[in-house]
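Undergrad: Relevant sequence annotations retrieved from Swiss-Prot are reproduced here:
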- 19-39: transmembrane segment (TRANSMEM)
- 55-75: transmembrane segment (TRANSMEM)
- 90-110: transmembrane segment (TRANSMEM)
- 125-145: transmembrane segment (TRANSMEM)
- 174-194: transmembrane segment (TRANSMEM)
- 202-222: transmembrane segment (TRANSMEM)
- 230-250: transmembrane segment (TRANSMEM)
Amino acid sequence: MLTYPNIDPVALSLGPLKVHWYGLMYLLAFLCAWGLASYRAKQRDSWTSEMVSDLVFYGALGVVLGGRVGYVLFYEFDKFLANPIWLFQVWTGGMSFHGGFIGVMLAMILWCRKYQKTWFETLDFIAPCVPTGLMFGRIGNFIGAELYGREVQDPNYPFGMIFPTDPFHLVRHPSQIYQAICEGLLLFILLWWFSSKPRPRMAVSALFLMGYGVARFVVEFFREPDADQGFILFGWMTKGQILTVPMLLIGLWMIWYAYQRKVYDWGPLKTHK
């Protein structure tokens, strides 16, 4: 069994201002996405640094607003009805990936109108930059000792740990780290490699949907369901798995359609001498 590091969730205290690790993880996520997108833009003639900066800004708004609204609608709607002001109390925690995903999709529509880019060209461009943000977000969950895993059944399992926020003090899976690795690091490597060569329009976006869908669906088997949600379907499916299934199915259809049409948005990468 591992010992939980029990890191103080407050990273910095500047007088009355307290900076939490979770907020810093979001900042790192956006900075990393901006850096990766800037690198990709230098390899394509039709992208500029201004476009990238705006794209990351629009995406950040979509993530924060969509993530919060999605969490309220998907997981805590009763609390919202009892106290609508709670929606704006973001410091209390509560963000949804699926809500953030929808928020980003809507934000990209506005960005595309501004720069006259097609929606899927834009999504294909930015998709490989997203998993690192997911990784930082899950690390933030781990530091905050939230969204931990289910109880470890094998007494010899070496990676279980007791989270200080667990009222039952059970040895649990560090599912936040599993998600950081699968939804973050591994998905980033896959998408970065796949997008390093010209692919049909929608193919990169499709691979993101499928890759995230598979990773999230599998890791949910190790993650403790929300106490007020439990298992929603068939006695074993969680809300996260249910919301992920449409992403996986849409991704499968998209990659099939992409290779049927074979429309390309860019040619070989630029070389710099």
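The backbone N, Cα and C atoms fix where each Cβ goes, glycine too.
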Undergrad: So what's near the transmembrane segment (125-145) in sequence-distant terms, Cβ-Cβ under 8 Å and 6+ beyond its ends?
TA: 4, 6-7, 9, 20-22, 24-26, 28-30, 32-33, 36-37, 40, 44, 47, 55, 59, 63, 93, 95, 97, 108, 163-166, 174, 176-177, 179-181, 183-185, 187-188, 191-192, 194-195, 204-205, 207-208, 212
Undergrad: Should anything in the same chain at least six residues away from the transmembrane segment (230-250) have a Cβ under 8 Å from its Cβ atoms, list it; otherwise answer none.
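TA: Beyond its ends, the transmembrane segment (230-250) has Cβ neighbours at 74-75, 98, 101, 209-210, 212-214, 216-217, 220, 223.
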Undergrad: Quickly jot the same-chain residues contacting the transmembrane segment (174-194) by Cβ under 8 Å, restricted to those at least six beyond its ends, or write none.
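TA: Non-local partners: 2, 127-128, 131-132, 134-136, 138-139, 141-142, 146-150, 159-161, 203-204, 207-208, 211-212, 215-216, 218-219, 222-224.
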